[in-house]
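Worksheet: one structure, shown below.
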Amino acid sequence: MISLKGISKTFKTKNGAVQAVDNVNLEIEAGQIFGIIGYSGAGKSTLIRLLNLLEKPTEGSVKIDGKALSSLTPSKLRAARQEIGMIFQHFNLLWSRTVRQNISFPLEVAGVPAAQRKKRVEELIELVGLHGRGDSYPSQLSGGQKQRVGIARALANNPKVLLCDEATSALDPKTTDSILDLLLDINEKLNLTIVLITHEMHVIQKICHQVAVMENGKIVEQGPVIDVFRKPKEQMTKEFVKQLAQTGEEEQSLWHLLDEKSDGTIVSLTFVGNPAEEQLVTELIRRFPIDISILQGNISKLQQGSYGKLYLRLLGATNEIEAALAYIRGKEIDVEVIEHDR
């Protein structure tokens with residue numbers, strides 16, 4: 001559905017050239033939710049604007065549904081853009097228009113007849129969960145409701161692709177989850193290809209099938225979300241995964257426990273796919289003459305399975321502990337022995 005080949009974007013400034021996007025290659029399949037994550041200044045926003053040629057690439061080609069956008073005439077590019085919806089961090093609504101009028105706007109621009117527009121607008125109001133708010137103005141809506149209007153407007157012309165530029169960054173956690181649930185529902189109902197950029201690993205974890213990690217204008221790591229969680233290669237990716245696996249408070253709590261329980265072997269177990277922590281601990285107790293304490297654990301649900309982290313303290317003879325660790329590794333569970341002489 002989406003193909004980027006050797007995409008680069010350089011901006012000229014009074015202080016010299018700035019390479020915002022550097023030789024990016026991506027293939028995004030139809031119906032996928034593809035997440036691009038990175039810190040501020042990584043080049044994410046520039047990259048997503050290159051997908052519909054709001055920014056023109058300095059080098060490389062962008063293909064959407066087989067069409068090379070850079071080679072299209074202005075009129076054909078406008079037609080191609082109608083198949084690419086976009087939502088933004090700060091909603092970009094028309095404040096003097098009602099919900100219905102905001103959603104109707106792209107249909108008016110496209111020359112859709114009034115009766116057809118009215119029918120489509122009502123369908124979209126129901127789809128995004130805004131029943132009863134059609135005559136409200138943006139100033140009368142919550143942040144989440146404003147973003148729902150933005151989503152409905154982006155879907156007005158039945159696009160094949162939806163681009164999301166930090167669409168949940170201005171929302172509180174509960175509202176963020178409701179918008180992510182809506183995007184997931186739309187993806188499943190319409191088989192819509194969604195490309196989103198974010199700096200929040202929670203967004204990737206909750207709805208994405210594939211992820212690309214961006215740093216200094218480059219894609220430094222990419223793949224199925226579950227694989228990137230299982231074996232993050234780059235240091236920045238490891239930092240993002242750690243954010244989800246363990247909050248700052250949880251990390252402090254863990255180190256406090258380690259200070260209290262300084263004896264024994266402390267191990268971190270990473271489960272990916274279908275975690276079965278309780279079953280594993282029961283098996284270890286049954287098979288090996290060692291004492292086991294669970295220090296901390298959590299599970300995050302991914303689109304292709306689950307990701308879990310479990311911290312154990314093992315007490316017993318060295319050879320028995322080594323045998324237990326070998327048994328765990330034999331289950332294809334990642335094991336890390338944690339040094340805790342702090």
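Here the Cβ of each residue, glycine as well, is placed from N, Cα and C on the backbone.
So that you can see what the record holds, here are the features copied from Swiss-Prot:
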type    : residues                               : note
BINDING : G38, Y39, S40, G41, A42, G43, K44, S45 : ATP binding site
DOMAIN  : 2-241                                  : domain 'ABC transporter'
With every protein chain in view, what's the tally of Cβ atoms within 10 Å of the Cβ of S45 (ATP binding site), excluding that atom itself?
19
Integer mean pLDDT for the domain 'ABC transporter' (2-241):
94
Additional residues around ATP, ordered along the sequence, whose Cβ is within 8 Å of the centroid of G38, Y39, S40, G41, A42, G43, K44, S45:
I197, H199, M214
Going along the chain, which residues six or more apart from G43 (ATP binding site) have their CB under 8 A from its CB?
K9, A20, V21, D22, M214, N216, G217, K218
Count the other Cβ atoms sitting within 10 Å of the Cβ of Y39 (ATP binding site), across every protein chain shown.
13
Give the number of CB atoms, excluding that of G41 (ATP binding site) itself, located within 10 Å of its CB.
11
Of these binding-site residues, G38, S40, A42, K44, which scores lowest on Cβ atoms within 10 Å?
S40
Collapsed DSSP category at K44 (ATP binding site):
helix
